[in-house]
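Asks: Annotations for this protein, taken from TrEMBL, read as follows:
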ZN_FING   A:60-75  zinc finger
DOMAIN    A:83-178  domain 'Toprim'
Number of protein chains: 2
Amino acid sequence: MSKRIAGPEIERLIQLLAKVPGLGPRSARRAALHLIKKKEQLLAPLALAMGEAVDKVRVCSTCGNVDTSDPCMVCTDPRRDETTIIVVEDVSDLWALERATALNTRYHVLGGTLSPLDGIRPEDLNIASLVSRVAEGSVVEIILAVNATVEGQTTAHYITDQLDGMGVKITRLAHGVPVGGELDYLDDGTLAAALRSRTAF
Amino acid sequence: MSKRIAGPEIERLIQLLAKVPGLGPRSARRAALHLIKKKEQLLAPLALAMGEAVDKVRVCSTCGNVDTSDPCMVCTDPRRDETTIIVVEDVSDLWALERATALNTRYHVLGGTLSPLDGIRPEDLNIASLVSRVAEGSVVEIILAVNATVEGQTTAHYITDQLDGMGVKITRLAHGVPVGGELDYLDDGTLAAALRSRTAF
């Protein structure tokens, strides 16, 4: 706001809300006003929940997931298969896979991808801890679920090199036509990969 | 999430964020993850700002605006003209007018519109306090900036009746073509109003 029409606390709330992904300057104002109007039902509980998250959320020292306990719920879940680890770039990928599938595997969050241009080297990612987990001996398969980008594939190759000779099976996600997708709109690379990896009908 | 993959504090944060206007269940998850990753830079300050808002924000007893002081910054601003009051339905309208114009007037926030179907009667709105402000004698003009809806216009007529005989000039916002708008896409009512209220070129 160009003119000051509200106290600094409200303006600060709007400024901070505008930094939340999904909200811009305009929707931050609308969100702030809605929160202020629902002070008891929404603003107070949200402030409390955020405060709790600040106090309790930590990064899992085993897999790199975020949770309120360390090791995280995924690592301590006794029903999960210890022999398979899905390697993902980011916690959001872990959440997406958990929503999509009924797999009961463990995970390993790299925290990014190798990118020499951005100065991200192997020691900046959770790769050494992945090698240690494999070295413990109970892991049979590593599923590389990194993004199908150049950086993702570079990282996948680097990890494969690091795990070479450790007797673990390394797989990656299939390339192909997205379910519900139209061939006409697909890029050539995906179409070619889908054709190469065709399966029996 | 169908399966529990994070502590209850994180799930609660996601649930509450999903109630913020502009965020849905999916974007709330993304927002929560972003906030958790930027714990020190964003989540902690936001939790603090929300806590402060919970403690300090109140409704102005004079005009119905929300602020951290009562009377609010608009009512206590000595540079604003005491003789003109813009009547709006909601605080968001006050903010919108302040952003758009260089008017230095006072405001009066009704807190809604008359709506017999929803059980909203005159005593549920800040109409009596508006009449009191006018009765104090220094107000010369009341600008009714209510929405151009049936409820808004009903409310405007009711307020006009209440202020009848108090010697105050009552005006309303002009109807017309929105700036940058195309005639072809305008509804008939707006076009007819714009033609009726045509001005010299």
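Glycine is treated like the rest: Cβ placed from N, Cα and C.
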Asks: Are there residues at least 6 beyond the ends of the zinc finger (A:60-75) whose Cβ is under 8 Å from a Cβ of it, and what are they?
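Replies: Same-chain contacts beyond the ends: 53, 91, 94, 106-111, 126, 129, 133.
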Asks: Provide the three-state DSSP residue tally for the zinc finger (A:60-75): helix first, then strand, then coil.
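Replies: Each residue of the zinc finger (A:60-75) counted once, the result is 3 helix, 2 strand, 11 coil.
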Asks: On the 0 to 100 pLDDT scale, where does the zinc finger (A:60-75) sit on average?
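Replies: Summing pLDDT over the zinc finger (A:60-75) and dividing by its length gives 92.
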